[in-house]
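For reference, Swiss-Prot has these:
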type    : residues                      : note
BINDING : Asp21, His209, His211, Asn245 : Mn(2+) binding site
DOMAIN  : 12-274                        : domain 'Pyruvate carboxyltransferase'
REGION  : 398-524                       : region 'Regulatory domain'
Amino acid sequence: MTTTPKSEQDRVIIFDTTLRDGEQCPGATMTFEEKLNVAAMLDEMGVDVIEAGYPFASDGDFEAVHEIAKRSKNSVICGLSRAAHKDIDRCAEAIKPAERGRIHTFLSTSPVHMKYKLQMEAAQVYEMVISSVTRARNHTDDVEWSAEDATRTEFDFLCRCIEAAIKAGATTINLPDTVGYAVPEEYREMFRKVRETVPNADKARFSVHCHDDLGMAVANSIAGVQGGARQIECTINGIGERAGNAALEEVVMAMRVRQDKVPYWNRIESKMLTHASKTVSAATSFPVQYNKAIVGRNAFAHESGIHQDGMIKNAQTYEIMTPETVGVKGTSLVMGKHSGRAGLIHKMEELGYKLSRNQIEDVFVRFKALADRKKDVYDEDIEALVDEQLLHGQDLIRLKSLTVIAGTHGPQRATMKIDVDGQLRIEEAEGNGPVDAVFNCIKALVPHDAKLELYQVHAVTEGTDAQAEVSVRLSHEGRSMTARAADPDTLVASAKAYLGALNKIVAKRQRDVRQDAPAVAVAG
C-alpha cells in the first residue's frame, strides 16, 4: 500500500476503466492477450475495480471480460451495460466467474440526451432507471448506476433518479462529467448538494468520472472527492473518448503528495505507475507525451542550468516527489544548450571523470558548441568530449577550421586551417572523395611519411544529429599510433582523429630525439 489509511471513511476506491472507456479511444483497440496482460497488471498494482469491457458490444469483449473475471485475484471485475435487460443479462454472464463482480449500468439524464439521443420523456427515463437497476441487482449485490451527462442534468431530476436507483439496489452512484464541461468548484458543489438532498444518499458510495475536454479531468476528480465522492473512475495515461479521461497516475499522486489538502488514501502501489504507463502505451500504440505529469519522459528531467544547480544542491528545490515513488530509477539532468557548468561538472563526475579547472572550461566551451548543433546531448557525447580533451588537450597540432566542397561532379576539395605550436597554417587540396581531400590537405599542411592503416567511423548515439566517432591509425618508422575524435560532422571528426594520431607520432619522436619537435617532425 502506498499510504497508511486514516479511516475507511477517507478511503477512495480506484476504478480503472482503461479496458473499457480507454479502449474506446479511436486507434486504441487492444488484442485479447493485451487486455489480459493489462488486467493482470492493474490487479497486481492494487486497483479496486477493473472495468474490463462492455460484454454486449461483441463476442470478443464478452470473452475478454469473462477470462479476466476468471483470472482476477484481488480486484472487483466490472462490466458495463446499457439499461436494456438483454445487455444486463449478458454482462452478468460475463462477470460470473469473478470472485467479486459488478454490473455497471447507465442511462442519460440530461435534457439534450433525453431529447435527441434517447428520444424519451423524463418519466420514461425515471422508470427505466428503476427497471435496469432492479434487473442488475437480481444478478449481483454490487451494482453501479451512472447518470450519463450528469453535469448537464437538471438538479431536481438528477436527485430523483439517484434516490430511485439507490432504492432499487444500486450500491455505487456515478455522476459523470461526460463531456468534460464542469469546472472544479461546480463539480464539488454538485456532489455536496446531491448528498445533502437525496434522502438515502448515505446508502451508496458516490463516484466521479471526468473527461478532459477542457483539461480539467483530474482537477474535477479531486474536487468531486472533496465534495463527498469516494470513488474515482480513471484510466492509465488518461486515455479515453475524445480528449481522454482523468489519468489514474495523476489522481493517485495528487492524493499522496498533497495530503494537506487532499487527505484521502487509496490502495495503489505507486511504484508500479511508470510500468503501468509503459504497458498500456505499448498495448495501445499510443505514445506518452514527453511532458505528461508523473509518467512522461520529462517528468523528472531537468535541463535548465539554474534548475540543475538547485537539484544538485537539494532535489526538493525542483521536485515535489521522488522519482522512485512512481517507479523511475532517478532524476535525469538532461544536458543541452540550457545547461550550465554545475550540471556539466555533476554529469562528468557521475561518469567518473575528474578534470582540472582549465580542462573543465575547455570541455564546457565545446559542450556548448555541440549543444547548439545537436538536439539531445547524451552521456556518450559527454564522454567523447572529455576523452578528446584528455587525449588531445595538449596537442601540438590543432584544427582551427575546415571547409569541404563535395558533390557528384569533379574532385572533392578541402580547405583547412591548423595551429602548429602557435603558428597558423592554411592549405587546400583535392581528393577522390571528401575524406581523401581532408587527409591530403593535412599532408600538405604537415608533410610526413606516415601511412594510414585504419580509418573507422561509428555513431556515438542514435539519430541523424548523432556525433560521429572516427578512429585513425597511422604507422611511422615501425610504430603504429591510433587516435579517435568525435564531432557531429564526420569530416571534422576525421580531421581531428588524423591530427590526433599525427600528434602522437610527434610526441613520440620528441621523446626519442630529445629535441624541439616542431622543427623536426612537422617541418615544411
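Yeah, the Cβs are placed from backbone N, Cα and C, and that goes for glycine too.
Everything Swiss-Prot records as a feature, shown here on the structure.
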residue	record	DSSP (3 states)
Asp21	Mn(2+) binding site	helix
His209	Mn(2+) binding site	strand
Asn245	Mn(2+) binding site	strand
Number of Cβ atoms other than its own within 10 Å, given for His209 (Mn(2+) binding site)
28
Starting from the Mn(2+) site formed by Asp21, His209, His211, Asn245, give every other residue of that chain whose CB sits within 8 Å of the mean position of their CB atoms, in sequence order.
Thr17, Pro176, Thr178, Cys210, Ala217, Glu233, Cys234, Thr235, Gly240, Glu241, Gly244, Ala246
Can you tell which of His211, Asn245 has the least company, meaning the fewest other C-beta atoms within 10 angstroms of its C-beta, among these binding-site residues?
His211
Taking the Cβ of Asp21 (Mn(2+) binding site) as the centre, how many other Cβ atoms fall within a 10 Å radius?
23
Summarise the model confidence on the domain 'Pyruvate carboxyltransferase' (12-274) as a single mean pLDDT, whole number.
97
